[in-house]
């Protein structure tokens with residue numbers, strides 16, 4: 001990386017474009033690798049309950065390193081942190097290609113992802129400012145959604161052709177992300193010289209957790225976003241199990257196409273939320289959250305591809321409308337209390353803890369032999385009830 005300071009704050013500067021390209025390739029690799037590795041587990045005759053466990057080891061890395069990755073991003077040049085993180089992802093993907101246990105390789109990818117997250121968001125504010133920062137965040141989210149769509153589909157389609165070829169493609173995507181990171185200017189570390197004592201770092205992180213949890217609005221946001229992303233990742237794995245049972249389709253590509261419909265819907269729903277919901281009217285998003293659970297239950301009863309696509313598109317639209325206002329609320333209130341970086345780190349911990357819990361319950365249901373359709377119906381009903389309870393709780397808190 002070349003030594004430089006921020007002189008060009010345009011969202012089309014070389015540094016900003018390098019960040020966006022690196023983010024696209026890294027997110028593409030993440031999504032393609034998930035479905036390629038799931039195909040590998042199927043090819044090697046791992047039991048069905050092992051599929052969500054794969055994601056659990058990834059999420060576990062996020063939780064384990066949550067107190068430390070924020071400080072790491074602030075203590076070094078963020079472009080360099082991103083490069084090292086993508087290097088860890090590359091090592092994990094390459095290891096799986098070379099026969100390393102897929103759970104071990106995927107854990108390494110999870111460690112890289114945990115380190116990558118705060119750096120990729122934090123660097124935007126160092127490369128641009130003001131209104132351009134909003135546009136830069138928009139570019140980041142657009143590249144991420146595009147990577148989710150293309151990566152998920154590519155992982156499934158390539159795995160149907162050749163599993164190892166799919167895994168190699170993932171490793172190449174991570175290598176491209178590392179190369180893109182080389183073109184990010186080396187910026188001054190935001191907060192160098194901080195204490196690296198584990199006790200001090202952990203204490204600082206959990207004090208931020210306490211501050212956010214004691215505030216009614218941020219607590220409401222943390223619970224809502226945690227439930228949403230926990231449900232979202234569980235739905236991903238439910239689709240892999242549900243498609244052969246409900247639709248009679250046994251390829252690796254169809255679940256990725258269905259997942260892509262959810263991502264498209266999220267984009268539409270997020271756009272609607274931006275126009276219809278403000279920080280003062282966040283509660284408008286709650287009916288959409290309840291409807292997510294209702295539609296998931298209806299979806300689980302389908303036996304044809306076309307209505308399945310339509311219902312997943314609707315689930316994504318409801319999800320985007322639900323989660324975007326909650327994210328904005330946490331970022332705004334968190335910035336004023338513990339700082340934006342700490343707020344994101346705490347949110348990551350909450351979301352990944354919810355993912356771990358929901359994936360654990362899903363794995364248990366599969367292990368004891370609950371049918372995929374029954375899991376989907378129960379999952380949808382429980383999610384709708386959980387969001388309804390959260391809404392009632394929030395209204396009572398607001399009335400005090």
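Each Cβ is built from the backbone N, Cα and C atoms, and glycine gets one as well.
Looking up the ranges 304-324, 325-345 in Swiss-Prot, the one annotated as transmembrane segment turns out to be 304-324. Spatially, the transmembrane segment (227-247) is adjacent to the transmembrane segment (257-277); three or more Cβ-Cβ distances between them are under 8 Å for residues at least 6 apart in sequence. Note: the stretches the transmembrane segment (139-159) and the transmembrane segment (257-277) are in contact (3+ CB pairs below 8 A, sequence gap of 6 or more). Outside the transmembrane segment (164-184) by six or more residues, the chain places 1, 14-15, 18-19, 21-23, 25-26, 28-29, 32-33, 35-37, 39-40, 79-80, 82-83, 86-87, 89-90, 93-94, 96-97, 123, 151, 154-155, 158 with a CB less than 8 A from a CB of the stretch. Within its own chain, the transmembrane segment (352-372) is flanked in space by residues 47-49, 52-53, 55-56, 59-60, 62-63, 66, 226-227, 229-231, 233-234, 237-238, 241-242, 245-246, 300, 378-379, which lie at least six positions past its ends and keep a Cβ under 8 Å from the stretch. The transmembrane segment (195-213) shares the most Cβ pairs under 8 Å with 53-73, out of the stretches 19-39, 53-73, 91-111, 281-301. Remote same-chain partners of the transmembrane segment (19-39), defined as residues 6 or more beyond its termini with a Cβ less than 8 Å from a stretch Cβ, comprise 51, 54-55, 79, 82, 86, 89, 93, 96, 102, 105-106, 109, 113, 116, 120, 123-124, 127, 139-140, 143-144, 146-148, 150-152, 154-156, 158-160, 163, 166-167, 169-171, 173-174, 176-177, 180-181, 184, 236, 240, 252, 255-256. The transmembrane segment (91-111) makes contact with the transmembrane segment (53-73), as judged by at least three Cβ pairs under 8 Å among residues 6 or more apart in sequence.
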